[in-house]
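Novice: Below are the C-alpha cells for one structure; questions will follow.
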Amino acid sequence: MTDLKKEMESNIKYKYSLKSIFAQSLALAGPCFIQIGIGIELTCSTIIIGALANDKNKNGLQPLTDEQASWFGSLLFLFTPLGSALSSLTLNRFGHKTCMIITNIPFIVSQIMFFYANSIETLYACSMLMGLSVGYSGGPSSSYIGEVCEPKLRGALMSATNVFYYVGSLLFTLIYAITLEWRLTVLIGMSIPIATVVVLFMTPQSPMWLLTKGESLKAQRTLGKLRGWPSQETCSSKEFKEMIAYTSSVVYDEDDNETDQNGETSSWGQLLRPEVYRPFRLLVVYIFFANLLSGIQYGPYLVSVFTEFGAPVNVEFTLAFSVFLSTIGGIITIFLISKLGKRFLTFSTLSICSICYILIGLIGVYTTNSNPTTSWLILILFLTTTFMSSLGIMPIAWVLLTEIFPMKSRNITCSAGSAIGYLIAFFLIKYYLELSNLVNFYNTFTLFGISGLFGTVYFYFYLPETENKTLQEISEFFK
C-alpha cells in the first residue's frame with residue numbers, strides 16, 4: 001500500500017498546464033538538433049563505403065578493402081569514449097548548454113574534410129573527429145533531458161528526442177539516394193551542426209546544474225520558464241523544493257570534484273556504491289543487446305547486406321526506407337512508452353528481433369536455391385527487426401541512461417555509459433566481417449538471434465519499471 005500510495009502521489013505531484021509541455025519541448029530543440037547530427041554522423045560511413053564500392057561514385061578515391069572498410073566504419077565508435085571522457089571532465093564546469101555547443105565544432109571540421117578528402121587516411125581522420133563529436137554530446141544532452149523534464153513527461157520527451165536521430169539518418173540517406181553524390185550529400189548535411197549552434201544559444205541551462213553552482217534564484221526562474229511560467233508558489237513549494245533537496249548533497253568545488261555533505265566520496269568513488277554500479281551494470285547489458293539486435297554491426301555494410309539478400313530492389317532507396325521505418329518506430333514509441341511501460345516494450349521488441357534474426361539465418365542457410373520469394377522474405381524479416389528495435393530496445397536504452405543514476409554521479413555515469421555503448425558498437429562493427437567470414441553471413445543472424453533470447457530472460461529478472469517514477473524513486477530502487 002505504501003508503494004502504491006507513493007506512486008499515486010508522484011503521478012499527481014506536479015500539475016502544470018499545456019504551456020509546461022510546450023516549454024519543455026521547446027527547451028529540447030537543441031538536443032533534438034544534436035540527435036539529427038548524430039544520425040548524420042553515424043550514417044556517413046554507410047553512404048561512403050557503399051558509394052566507393054560503385055565505380056561511378058569513386059570521386060578520386062579507390063573502393064575500400066574489407067580491412068579499410070572495417071576501420072573506417074568502426075573508428076568513430078572507438079574515439080567516442082574519448083569524447084565522452086572529455087565531456088565528463090568539462091560538464092560540471094561549463095554546464096550542459098556550453099558543452100552541447102562545443103560538440104558541433106569537430107562535427108563541422110569533419111564534414112569539411114570529407115568534402116575535400118582524397119585519401120583513406122583523411123577518411124579515417126574524419127571518422128575520428130565524428131567520434132569525438134558524438135561522444136562529447138552524449139553526457140550533456142542525456143543528463144540535460146533527464147534534469148529539465150517532469151517525471152510524467154521524461155520518457156515520452158526522451159523518446160521524441162531520439163526520433164530525431166532517425167530523422168537525421170533519413171534525411172542523409174534520402175539526399176544521397178536523390179543526388180548519388182556523397183560529397184554533395186556531406187556538404188548539404190553540414191548545415192545541421194551550424195543550425196544546432198544557433199538553436200543552443202537560445203536554450204536555457206539545467207535548473208539542477210544552476211543549483212549546484214549556488215545560483216538558486218536563476219535556477220528558480222529557469223524552472224519557471226521550463227514549466228510554462230506557473231505561479232511562483234506552485235513552482236517553489238513543490239518541484240523546486242524537491243530539486244533543492246535532491247541537489248543539496250552535491251557540492252562542486254573549484255576543481256570540479258564532487259563530494260557529499262560529509263566530504264566522504266568523490267564522484268568517481270560514487271561508482272562503487274550499489275545505487276550506482278547496479279544500474280550501471282544493467283545499462284551496459286541493455287546497451288549490448290540493444291546494439292546487437294538493432295543490427296548496428298551491419299550498419300556500415302548495409303549496401304552489401306541488402307545486395308547479399310538478393311531481392312530485386314533499388315539498394316539506395318531501400319536503405320532510405322529502412323531508416324524511414326526506424327523513424328516511424330521511434331515516433332510510435334513516444335505514445336506507447338507511457339502506456340505499456342519500458343519492461344513490456346523491452347520484452348516484446350527484443351523477442352521479436354531475436355526470432356526474426358534466427359529465421360533469417362535458418363532461411364539463408366537451408367534455402368540453397370535462391371529465388372525472389374525467399375529473398376523478399378529475408379528482406380522483410382530484416383526490415384521488421386529495424387522497425388521493432390527502433391520501437392523499443394534502442395530508444396529505451398537511451399531513456400534509461402538519463403534516469404537510472406543518482407544526481408551525485410549522473411554526469412560521469414551518463415558519459416561513461418555512452419562511452420561503453422559506443423565501445424561495444426566499435427567491437428561489433430570492427431570484427432563483424434571477420435566473424436562473417438568465419439561462420440558464414442547468414443549464421444551471424446542465427447548467432448545474434450539466440451543471444452537476444454538470453455537477453456530477454458535476463459531483463460525479465462533484473463529490469464525494473466522506471467516509467468512515471470521520479471528520479472529519487474528510481475535511485476531508491478537500486479539501493
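Cβ from N, Cα, C; glycine included.
Remember, it's a predicted structure, so these values are computed and weren't measured experimentally.
Dumping what TrEMBL says about this protein:
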- 25-467: domain 'Major facilitator superfamily (MFS) profile' (DOMAIN)
- 21-49: transmembrane segment (TRANSMEM)
- 69-91: transmembrane segment (TRANSMEM)
- 157-178: transmembrane segment (TRANSMEM)
- 184-203: transmembrane segment (TRANSMEM)
- 280-299: transmembrane segment (TRANSMEM)
- 319-337: transmembrane segment (TRANSMEM)
- 344-364: transmembrane segment (TRANSMEM)
- 376-400: transmembrane segment (TRANSMEM)
- 412-433: transmembrane segment (TRANSMEM)
- 445-463: transmembrane segment (TRANSMEM)
Novice: Given the transmembrane segment (376-400), which of the listed stretches 21-49, 157-178, 184-203, 280-299, 412-433 has the most Cβ pairs that are under 8 Å apart from it?
Specialist: 280-299
Novice: Short question: which residues 6 or more past the ends of the transmembrane segment (157-178) have a Cβ under 8 Å from it?
Specialist: 24-25, 28, 31-33, 35-40, 42-44, 46-47, 51, 141, 145-146, 149, 184-185, 188-189, 192, 314, 316-317, 319-320, 323-324, 326-327, 329-331, 333-334, 337, 390, 394-395, 398-399, 402
Novice: For the transmembrane segment (344-364) and the transmembrane segment (445-463), does the number of C-beta pairs under 8 Å, pairs 6 or more apart in sequence, reach 3 or more?
Specialist: yes
Novice: Going through 184-203, 280-299, 445-463 one by one, which has the most CB pairs that fall under 8 Å from the transmembrane segment (412-433)?
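Specialist: The stretch I would name here is 280-299.
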Novice: For the transmembrane segment (21-49), find every same-chain residue at least 6 residues outside the stretch whose CB is under 8 Å from a CB in it, and list them.
Specialist: 64, 69, 72-73, 76, 97, 100, 103-104, 107, 110, 114, 123, 126-127, 130, 133-134, 137, 141, 144-145, 148-150, 153, 157, 160-173, 176, 182, 185-186, 189, 192-193, 195-196, 199-200, 203-204, 225-229, 299-303, 319, 323
Novice: Determine which residues of the chain contact the transmembrane segment (280-299) at the Cβ level, with the cut-off under 8 Å and only residues 6 or more beyond its ends counted.
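Specialist: 42, 45-46, 73, 271, 305, 346, 350, 353-354, 357, 382, 385-386, 389-390, 393-394, 396-397, 400-401, 404-405, 413, 416-417, 420-421, 424-425, 428-429, 432, 444, 448-449, 451-452, 455, 458-459, 462-463.
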